[in-house]
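Presented below is the structure to which this report refers.
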Amino acid sequence: MSNIAILAGDGIGPEVMVEAKKVLNTVASKFDFEITTQDYDIGGAAIDNHGNALPDSTMAGCIESDAILFGSVGGPKWANLPPTEQPERCALLGLRSHFDLFCNMRPATLQPALSSLSTLRSDISEQGFDVLVIRELTGDIYFGEPKGRRGEGEEETGFDSMFYSRREVKRISHLAFQAAQKRNNKVTSVDKANVLATSQLWRQVVEEVAVEYPDVELEHLYVDNAAMQLVRDPNQFDVMLCPNLFGDILSDICAMITGSMGLLPSASLNSDGFGMYEPAGGSAPDIAGLGVANPIAQILSAALMLRYSLNQGAAAKAIEDAVSNALDNGVLTADLLPANERKNAKSTSEVGDYICKQIESA
């Protein structure tokens, strides 16, 4: 039996999580495995109830779990708190740090049926694409020390430090090559090795790791060229392996060219296969409680959890196929429809119900 910590959070988090749990129960029944779920407060809801965005009780529940299914956190109510107390920073960074979740996987898929949503030219978007961005999460300029500000007046200076160790690059590289072996056997490593010492080390270590995966093609791109190529022809990519800063930027480009953040799941993993799974989008407080939120990113996050942490690949594939059927058959929330067709939009629960029925009938 697998134990899942459910951290629905704020905004639309609770309502899309209902649909993800519904789908999980459906595939568990279909594929004859057992899961248990336990709900815990996180983010703004936890601040209101416990005075802390990441309470001890929530952390204890996560420690006892086999995986974390995370919703979304934050909203205007908590926006004026000190930065270290804000839901997004306290909750997410606290969990990433405690569990050493160094690998972020964000699939970005555009199905031809939804090509009109993409910001790309129609001749590009109509081909569809399927890119997996693997981003190192715990190193790079975000966490390097020293950092800060010093001096006064016109001479005041802000500074940051960019660091990567051989160990950090090696472990994320192995995961990228292993992911490529399960896809289309190509890794594009992104760096700025013509300028940065960290990128020179990054490229060297990636090439050393690549020797262990002779069936996987490796190419290197400078980050500026990678950004340009993503919007020129995303179909050329399979797995993109990125340092923290570059991956942060490129994964958001991938999100934009799919046309909706409501479709994009993500996984954050450690070396033991423990992971936290969450939608790529935010808490969308402006539509919370209206029953119009798109639950697909949350549902696909549950599919990633089944694949990478719970060893239920067939169940994950069943969810993904059911989602594809929903999209192909026009079972869409309002964010996926042009303004003149939104009268035909399905509610959050209707989309979840349809996906469950597709799984049951497959």
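Sequential numbering from 1, following the chain as shown.
From the backbone N, Cα and C atoms, a Cβ is placed for every residue, glycine too.
Pulled from Swiss-Prot, these are the features on record:
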BINDING   75-88, 282-294  NAD(+) binding site
BINDING   Arg96, Arg106, Arg135, Asp224  substrate binding site
BINDING   Asp224, Asp248, Asp252  Mg(2+) binding site
SITE      Tyr142  site 'Important for catalysis'
SITE      Lys192  site 'Important for catalysis'
Can you tell me which of the binding-site residues Pro87, Asp224, Ala284 is spatially closest to Asp248 (Mg(2+) binding site)? Compare CA atoms only. Asp224
If you count, for each of the binding-site residues Ala79, Ala284, Ala288, Val292, the other Cβ atoms lying within 10 Å of its Cβ, which residue has the minimum? Ala79
Using Cβ-Cβ distances, find the residues under 8 Å from Arg135 (substrate binding site) that belong to the same chain and are at least 6 apart in sequence, listing them in sequence order. Cys103, Asn104, Met105, Arg106, Cys242, Pro243, Asn244, Gly247, Asp248, Ser251
How would DSSP class Arg135 (substrate binding site) in three states? strand
Hey, does DSSP put Arg106 (substrate binding site) in a helix, a strand, or just coil? strand
In three-state DSSP terms, Pro87 (NAD(+) binding site) is classed as helix
Does anything in the same chain, at least 6 positions from Pro87 (NAD(+) binding site), have a Cβ under 8 Å from its Cβ, and if so what? Gly9, Asp10, Ile42, Gly43, Gly44, Ala46, Ile47, Ala53, Val73, Gly74, Gly75, Trp78
If you draw a 10 Å sphere around the Cβ of Asp224 (substrate binding site), how many other Cβ atoms fall inside it, taking every protein chain shown into account? 11
Would you mind reading off the Cα separation of Tyr142 (site 'Important for catalysis') from Ala288 (NAD(+) binding site), to the nearest angstrom? 31
Mg(2+) site, defined by Asp224, Asp248, Asp252: further same-chain residues with Cβ within 8 Å of the Cβ centre: Val223, Ala227, Leu245, Phe246, Gly247, Ile249, Leu250, Ser251, Ile253
So, in DSSP terms, is Asp224 (substrate binding site) helix, strand, or coil? helix
